[in-house]
Ligand code: ADP
Ligand code: MG
């Protein structure tokens, strides 16, 4: 939905024009999965799909939130009464941002918010981060908070961690807040330093496809927390603060010191995926975009066999796409459903898409949704 439609929706709901309209994108992660909470490296890129919010500031403590995508009335809250983990509806994401800003001492005194999003929800494409970041950016502008992109990402992550109650890392919000068009974002999750890495696929005759399997992930079922705990256990057993601190050169020796088979698998995944981020960066810097294909596929095998967060639908996308001539493919995001990415020659995009669709039909799976991941701009003001 475009800025104009969201603006009109706001006016119809609240009876006045909004102070402004802002957008924040969803993302796919190119490489570096489950590495962010290990203080390692990730490399997401922003999608053209965005959450768009029309917002006006208020000075009377009232917070009114509405989504064009959700049946139901305007959610009306009071900024003084926001309390973490009490609001289980979708409105907790934007409300959480208000709560975090106020906890940090910012005088955010209320707002009217009407939003709509083209980011598919629960597809591993970070529709939740888009919602948080668009709210944070709008409030940053309307209340003159002066926060930077990385700071807005931090605020948004805290909203999701502490207010909504989802223990996510910093990747999704940073991708949404800080990405630039035509680039992937290399993020060091320790010092939060960012490098924009040129990722101009059309110039190389390539396309990155997103395949949304339509299988809804449910990270609330404790799988994410279990992986996280296993990684922390690995770091503790190896005597390092985080798995980021295990050097790739020392991986085999480190694994030999671990007797727990589960912890060994998790350590191998995290340390090797951090290394795969380095490999991808080196190839992109050298202009060898095709060269990253096998690394994506190796990353998938690691997520499937070592971290064990894939599912039959994601595995089928990767196997089918590669058999049909893709350069490489992997699941992306939290796993247990959601989306995969597939790197293809532009000329092969249709054939490979068809092969995946046919394989899904033959397996009796719900038809997947396939679209190109065009590296897009991060959060911005539209009007
Ligand atoms: P993901 O971030 O991978 O899409 P999450 O489970 O983290 O999946 O976030 C999805 C949730 O975010 C939805 O269940 C809903 O609560 C909220 N959400 C996302 N987009 C919208 C929207 N357009 N309107 C209202 N709520 C939304
Ligand atoms: Mg999310």
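All positions are counted from 1 along the displayed chain.
Every residue, even glycine, has its Cβ placed from backbone N, Cα and C.
Keep in mind that TrEMBL annotations are predicted by a computer and have not been checked by a curator.
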Query raised in the report: Among 93, 224, which residue does TrEMBL name as a further substrate binder in the site formed by 33, 34, 35, 36?
Result: 224
Report task. Would you please pick out, from the binding-site residues 34, 224, the one with the fewest other Cβ atoms within 10 Å of its Cβ? Result -> 224
Query raised in the report: Which ones, of the recorded positions 27, 33, 160, 172, 224, have a Cα no more than 10 Å from the Cα of residue 125 (ATP binding site)?
Result: 27, 172
Report task. Taking ligand 2 as the reference, state which of the binding-site residues 33, 128, 160 have a Cβ closer than 6 Å to one of its atoms. Result -> 128
Report task. May I ask which of the binding-site residues 33, 36, 67, 224 have a CB within less than 6 Å of any atom of ligand 1, listed in sequence order? Result -> 67
Report task. Using DSSP, break the domain 'GHMP kinase C-terminal' (281-361) down into helix, strand and coil residues and give each count. Result -> 51 helix, 12 strand, 18 coil
Report summary line: The most crowded of the binding-site residues 122, 124, judged by neighbouring Cβ atoms within 10 Å of its own Cβ, is 124
